[in-house]
Amino acid sequence: MGNLVTHLLDRLFGKKEMRILMVGLDAAGKTTILYKLKLGEIVTTIPTIGFNVETVEYKNISFTVWDVGGQDKIRPLWRHYFQNTQGLIFVVDSNDRERVNEAREELMRMLNEDELRDAVLLVFANKQDLPNAMNPAEITDKLGLHSLRNRSWYIQATCATSGDGLYEGLDWLSTTLKNRSKK
């Protein structure tokens with residue numbers, strides 16, 4: 001009964017639920033971001049084999065965030081998480097210049113998947129606190145984001161350990177998805 005009341009109140013007051021898939025190469029900071037958003041603190045992480053899933057409440061939206069491991073051997077499993085994904089968060093290690101082309105290839109491969117054709121894209125240009133980090137404009141260029149047609153996308157500079165930029169990214173995601181659901 002309590003769940004029914006909560007569900008009705010959520011519907012009355014416009015609480016939205018959104019399924020978000022967070023991917024990126026290994027060591028980009030996905031798990032650190034997930035738990036910074038969920039717990040507000042830095043947690044010690046180990047490479048994710050499989051996935052972590054958490055619900056993050058923000059601005060009357062319940063984001064179900066799937067953080068999927070990024071090691072090359074398990075990237076083929078990403079597609080198993082595509083169904084019903086409304087938003088894709090692609091996390092890039094802004095300091096990893098050697099692998100930015102690999103990140104681009106993985107991103108473009110995913111964006112060509114039919115199941116993700118309607119998903120909006122948020123890129124977290126993570127690790128901006130590091131001295132040699134590429135800025136968002138450089139990452140936009142290296143990922144080829146300007147070539148994307150018929151897809152809403154946004155890039156946000158972030159630092160997972162301090163939390164800088166994370167909520168700005170969620171703001172864009174929530175606004176974009178809310179506007180889309182009104183159509």
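Glycine is treated like the rest: Cβ placed from N, Cα and C.
Taken from Swiss-Prot as is:
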type: BINDING; residues: 24-31, 67-71, 126-129; note: GTP binding site
type: LIPID; residues: Gly2; note: N-myristoyl glycine
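A map of Swiss-Prot features onto the structure.
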residue: Gly24; record: GTP binding site; CB count, 10 Å: 23
residue: Ala27; record: GTP binding site; CB count, 10 Å: 17
residue: Lys30; record: GTP binding site; CB count, 10 Å: 29
residue: Val68; record: GTP binding site; CB count, 10 Å: 21
residue: Gln71; record: GTP binding site; CB count, 10 Å: 12
residue: Gln128; record: GTP binding site; CB count, 10 Å: 20
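Classification of Lys30 (GTP binding site) by DSSP places it within a helix.
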